[in-house]
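Colleague: Structure incoming, see below.
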Amino acid sequence: MPCTEDHPEDIAADIMAEARRALEICNACQYCNGYCAVFRTLKARRQVGTADLLFLANLCHNCRSCYHACQYAPPHAFGVNLPKSLSLVRQRSYRDHAWPPLLRRRLRYTGRAVVIATLLAVEVLTLAAILAVPAGTLLGRHSGPGAFYRVVPWEVMAGVAGIVMLWSLLAIALSVAAFWRGMGPAPAGVSLPAALRDTVLDVLTLRNLGGGGAGCYGREGGREGGLSQTRRRFHHALFYSVALCFASTAVATLYDHLFGWQAPYPVLSLPVLLGSLGGGGIMAGTAGLALLKRRADPVPVAASVTGGDRAFLLVLFLAAASGLALLALRGTAAMGPLLLTHLGIVLGVFATLPYGKFLHAPFRVAALLRAAMERNAGSRTRPPA
Amino acid sequence: MTRVPRDCDVLVIGGGNAALCAAISARRSGAAVTLLEGAPRALRGGNARHSRNFRVMHPGPTPWTRGSYPAEDYRSDLDAVTDAATGAAADGTLARMLIADSAGIIDWMGRNGVRFQSGADDCLPHSRKTAFFLGGGKALVNALYTTAEGLGVAIHYDSEACALHLKDGLPSVTVGHPKGLQVVRARAVVVASGGFQANRGWLRDEWGEAADGFVIRGTPHATGTMLKALLAEGAQPVGAAGHCHMVAVDGRSPGFDAGIVTRLDGIPHGIVVNRDGRRFADEGSHTGPTRFSVWGDRVARCPGGVAFSIFDAASEARFRPSIFPAIRADGIGELAGKLGIDPAALEATVGSFNAALGSGGIGADGFAMGTEPPKTRLAAPLLVPPFGAYPVRAGVTSTCLGIRVDGKARVLRDGGQPICGVFAAGVIMAPNILGRGYLAGSAMSIGAVFGRIAGREAAAHALH
């Protein structure tokens with residue numbers, strides 16, 4: 001029989017079996033337990049079930065330090081490649097917990113859908129504007145408060161964005177809820193505030209992407225032999241820049257609703273400063289991460305997941321770049337087309353959040369919380385030293 | 001690979017911890033250094049790639065070690081393992097040097113790129129005596145290679161030292177690599193090529209056919225070629241050719257390089273039978289960390305070099321499983337069939353073991369009354385199906401034959417005078433200190449301490 005057909009179920013079983021095999025070797029070794037929470041969490045388990053696999057795969061931050069340090073990595077007979085094995089399980093976990101459930105067998109994480117959806121959002125928005133707004137207004141110069149809303153009325157902008165955001169938030173929440181159940185029953189008798197505090201610290205510091213201080217493994221060579229904190233720094237740049245962009249939007253919303261000050265705001269206003277800083281940071285972060293991805297040693301990377309990673313970085317980069325272009329050219333006739341492009345890309349990003357690489361963030365937070373809860377429960381039952 | 005240069009100041013033979021320490025220290029002393037690693041790049045690092053910790057003397061807590069480990073404690077731990085095994089004390093001078101210099105290992109390694117794990121980390125085995133490096137041995141090896149390359153040490157992979165020539169003038173070595181043979185001359189040679197455990201023929205000379213059943217836990221490049229060459233040149237042997245550091249491993253382990261993960265954890269919980277289906281030793285005699293090596297030794301002496309750990313479903317829950325699936329059956333006879341043991345013999349063994357426990361009972365600490373041989377701890381009848389088994393073999397870490405060195409790591413002849421320009425470090429000289437004994441983390445410390453000494457002294461000799 002020709003092997004050209006994909007058999008998703010067989011592949012899923014293979015992926016799970018291979019990850020389980022690798023983790024069982026890891027658990028017998030445990031040399032990597034200084035790198036991240038995966039190995040400590042694994043250690044408490046005598047055997048690795050499907051729920052454990054989902055949990056550990058999403059706890060993994062893919063720093064690849066363990067691969068670099070692995071005495072059993074290829075070409076060793078055991079051929080352990082934990083980062084690759086876990087990233088394949090992780091991708092299955094996004095797919096198997098997607099919402100609505102209708103999508104669960106159908107989603108592919110090649111990244112193509114994310115890019116197409118984003119382009120489509122730009123197209124639809126532009127087409128609607130061409131039909132509804134006179135060409136003179138669309139390509140005219142506008143200035144002063146409310147300039148943007150002459151091209152896209154505020155009600156339309158807020159309405160469409162609101163609906164898309166609500167849908168995405170709902171889909172993400174339900175996916176995460178399904179994933180939380182998929183990790184098996186949560187430990188009982190846990191101090192939730194303490195576990196939450198640990199989780200927030202883990203998220204804000206990306207402690208688990210630090211390779212126990214050694215950093216991520218990129219590729220052989222260099223002064224540190226391929227290990228560095230660069231990837232973590234670029235991820236921080238991206239994460240905190242997205243936060244700045246949200247802060248910018250929040251401030252702008254206050255300006256509008258509380259004080260009646262309508263966008264666009266002056267260059268030295270808080271929303272523009274926050275947004276510009278955030279936009280620049282997103283561009284730097286996404287470009288840096290994409291570059292590192294391009295240069296990385298391909299062996300510990302699952303080729304089938306990188307498409308989705310790249311697509312997400314690309315649309316984020318475009319959202320930031322179009323936003324900054326809009327800021328630079330808002331006084332010119334290009335404002336209308338740029339506004340439509342920027343809004344379209346942002347809508348595309350929001351619409352695809354539940355169905356692409358973004359899902360790694362809430363799933364990882366859930367896994368970190370679960371790990372913190374286990375640690376908390378463990379320290380409560382352990383006798384004092 | 002790049003061609004091995006014909007001449008260098010210091011030629012380091014080996015690519016593990018001791019060799020890297022020697023190369024780095026010789027290079028820092030100003031010598032032009034070439035290092036020959038027999039393994040390909042991806043599997044470089046000798047047995048150090050499977051290691052995990054250094055045994056270090058320290059007067060008080062450090063970020064990487066708990067409590068304190070004074071020199072006297074270190075010395076008495078050394079004496080306990082060497083005395084118990086041989087009745088002969090370790091070389092006192094070298095032991096004192098090891099202990100004193102071990103205090104500086106963490107700092108030196110840190111300056112050369114190696115990271116350590118916090119001593120307070122509750123994920124680590126509790127130890128006040130050893131410091132664990134972050135990520136284990138391969139991470140250490142990677143860091144040291146990066147440092148050595150950065151310093152300009154010429155590193156050659158797939159390069160096996162095949163012959164040593166000491167007769168006329170400068171020492172030279174015939175190097176075999178995929179492109180052929182080449183002779184390299186040097187002003188000084190540091191031999192850090194480990195034991196001979198990967199040499200099946202030599203093992204068979206010492207152990208007979210039992211050697212065919214041994215699993216080698218580390219590098220396949222520890223063939224002992226340089227050890228044999230040095231002995232042929234008149235170097236004085238130390239230790240014992242017929243002894244190995246061994247642990248009990250799953251008999252399905254690959255022949256080489258499986259490291260720590262195929263050790264069998266749960267042997268004391270069940271019973272152990274030989275291939276005739278008979279118990280032959282007290283399974284409860286060792287339940288702590290020594291259980292691995294005790295069973296390695298016992299299994300090495302079994303017919304065919306193989307034994308079987310047998311347990312029932314109740315006792316199986318009390319230990320960590322092997323990375324290989326247990327062989328299972330609902331009845332003891334059926335299990336015996338799967339293991340290639342006479343079913344009647346195994347049924348008789350398990351039957352009489354259970355009967356003795358049933359009639360004699362189980363005393364304090366799980367002492368089984370009335371079994372022969374006794375089971376002094378963790379005794380429980382094998383009653384709950386499915387029954388499970390792991391094949392057990394002896395996994396050899398390293399052999400215990402070495403060559404005599406002095407405090408400058410110079411290789412000594414039978415008469416005690418040094419062989420000009422030849423130094424040794426690591427497992428090839430560890431029996432000077434350990435005899436046939438073994439102490440966790442001590443071989444790595446010997447490699448680090450005497451590797452640095454050998455590198456420094458070899459550079460001084462070469463640049464003299």
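Backbone N, Cα and C atoms are what each Cβ position is placed from, and that goes for glycine too.
Heads up, TrEMBL stuff is auto-annotated, nobody curated it.
Remember, predicted model here, so these are calculated numbers, not experimental data.
According to TrEMBL, the feature transmembrane segment maps to A:113-136, A:156-180, A:237-255, A:267-291, A:311-329, A:335-355.
Could you place the listed features in the three-dimensional structure?
Modeller: Residues of the same chain lying 6 or more positions beyond the ends of the transmembrane segment (A:113-136) and with a Cβ under 8 Å from any Cβ of it are 107, 151-152, 308, 311-312, 314-315, 318, 336-337, 340-341, 343-345, 347-349, 351-352, 355-357.
Counting residues 6+ beyond its ends, the transmembrane segment (A:156-180) has Cβ neighbours under 8 Å at 54, 58, 93-94, 97-100, 148-149, 186, 343, 346-347, 350-351, 353-355, 359, 362-363, 366, 370 in the same chain.
Residues 206, 261, 263, 265, 270-275, 277-282, 284-286, 288-289, 316, 320, 323 of the same chain lie 6+ residues outside the transmembrane segment (A:237-255) yet bring a C-beta within less than 8 angstroms of a C-beta in it.
Non-local neighbours of the transmembrane segment (A:267-291) in the same chain are 230-231, 233-245, 247-249, 251-252, 255, 310, 313-314, 316-317, 319-321, 323-324, 327; each lies 6+ residues outside the stretch with a CB under 8 Å from one of its CB atoms.
Only residues 6 or more beyond the boundaries of the transmembrane segment (A:311-329), in the same chain, are considered here, and those with a CB under 8 A from a CB of the stretch are 110-112, 114-115, 118, 238, 241-242, 245, 267, 272, 275-276, 278-280, 282-283, 286-287, 289-290, 293, 335, 338-339, 341-342, 345-346, 348-349, 352, 356-358.
Long-range Cβ contacts of the transmembrane segment (A:335-355) within its own chain (Cβ-Cβ under 8 Å, at least 6 residues beyond either end) map to 98-99, 103, 107, 113-114, 117-126, 129, 133, 137-142, 147-148, 151-152, 157, 160-161, 164-165, 167-168, 171-172, 175, 315-316, 318-319, 322-323, 325-326, 329.
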